[in-house]
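A.B. asks: Per TrEMBL, transmembrane segment is recorded for 12-29, 41-58, 64-81, 93-112, 124-144, 156-181, 187-209, 245-262, 274-292, 298-319, 331-353, 365-385. Under the heading domain 'Cation/H+ exchanger transmembrane', TrEMBL lists 23-384.
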């Protein structure tokens, strides 16, 4: 156990690497938090600094990929736990229409951009998928800072962003199926396996897990329920991978299932410390995967990609808002609130890179785009709200996501 042959480093050296990664991630996150920016940006920057692009202290490795994958699973599992189906039902069709437009416009633009650049149709699909999912956290934090989370407009933005995130995972599942990036089977078999997972395996777990969880509460061993829940989470994530999807699709769906049980809040409380430990490793690994030399050589591409990411979300929000009979000013605010990309987009880019469908240049541009959209959103959203927003009564009966 002292050596890790495939990496050529000792266990002690890996422990040192893990220590540096965690300390750098938390330091970077704290700095950006004090600057009133997303801590995620600091964690990505920490990865860029300690990775091959700058100091070259550490490089990508199999064991780091494993830890990063576990971090992704916990991160998306937490998103599933926090997503309340009842909340989504309450906001009605308006948020769904806005989310639909906010997905369709960026996805189509990304696909057209990819094809115009001569990228394969598989790569163009990943271009579109990278641009789809909105980061709920950035917009929610801005609305909280402005004390607007209970307003009807804020609830619509947050609900649309949550639906957008969920749909982003579904888009990812479809893209993985069509491109074969989730497995080695042909498209027909991959579609069949994915459909079986979503139409048979997921409904089975949806109905079986709540009574199973109640039964597991009878276990007397210390931490037994928690360990069994983690086991089921990893099993469901593995089954998603086996079905040609991605582990994060399974992690989100099983989180959604556990979130509707009576034990949901307790599960979330127990999982949070592991999430805080594992999630930063993923974002540091993203930073380590960024090749600055390739990014600088394609900075125009990165800037254009970012501009398209910003413009298409605003346009999608306006189309969806107007289509659902909102005022143009409210639709503009919603469109701006949908701009930030985050973890799902980075995960999609990472899967495309691992599958050899996109190259390091595109991956680095995607990371640049994610950072750029996160940075510009709070300023643009505050400006739009101060410029266009009119005071309204709180939207009773709903809670912030």
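Cβ atoms are placed via backbone N, Cα and C, with glycine included.
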A.B. asks: Ranking 64-81, 156-181, 331-353, 365-385 by Cβ pairs under 8 Å to the transmembrane segment (41-58), which is first?
C.D. replies: 365-385
A.B. asks: State the non-local partners of the transmembrane segment (274-292) in its own chain: residues 6+ outside its ends, Cβ under 8 Å from one of its Cβ atoms.
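C.D. replies: Tertiary neighbours of the transmembrane segment (274-292) are 18, 21-22, 24-26, 29, 40, 43-54, 58-60, 64-65, 67-72, 74-75, 77-78, 343, 346, 350, 353, 360-361, 363-364, 367.
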A.B. asks: Using a Cβ cut-off of under 8 Å, list the residues of the same chain at least 6 residues beyond the transmembrane segment (365-385) that approach it.
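C.D. replies: Cβ under 8 Å, 6 or more out: 36-38, 40-41, 44, 130, 135, 138-139, 141-143, 146, 148, 286-287, 289-290, 295, 298, 301-302, 305-306, 309-310, 313, 332-333, 336-337, 339-342, 345-346, 349, 358.
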A.B. asks: Grab the same-chain neighbours of the transmembrane segment (187-209) for me: Cβ-Cβ under 8 Å, and only residues 6 or more beyond its ends, written as numbers and ranges.
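C.D. replies: Sequence-distant neighbours of the transmembrane segment (187-209): 173, 176-178, 180, 232, 236, 239-240, 242-245, 253-254, 257-258, 261.
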A.B. asks: What residues in the same chain, six or more past the boundaries of the transmembrane segment (245-262), come closer than 8 Å to it by Cβ-Cβ distance?
C.D. replies: 69, 72-74, 76-85, 166, 169, 172-173, 176-177, 182, 194, 197, 202, 205-206, 209-210, 213-214, 229, 232-233, 236-239, 268, 344, 347, 351
A.B. asks: Can you tell me which parts of the same chain pack against the transmembrane segment (156-181), counting only residues 6+ beyond its ends and a CB-CB cutoff under 8 A?
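C.D. replies: For the transmembrane segment (156-181), the sequence-distant neighbours (Cβ-Cβ under 8 Å, at least 6 residues beyond its ends) are 76, 79, 83, 87-88, 91, 94-96, 98-100, 102-103, 107, 122, 125-126, 128-129, 132-136, 139-140, 143, 149, 187, 190-191, 194, 198, 244-246, 248-249, 252, 317, 320, 326, 333-334, 337-338, 344-345, 347-348, 351-352, 355, 357, 400-401.
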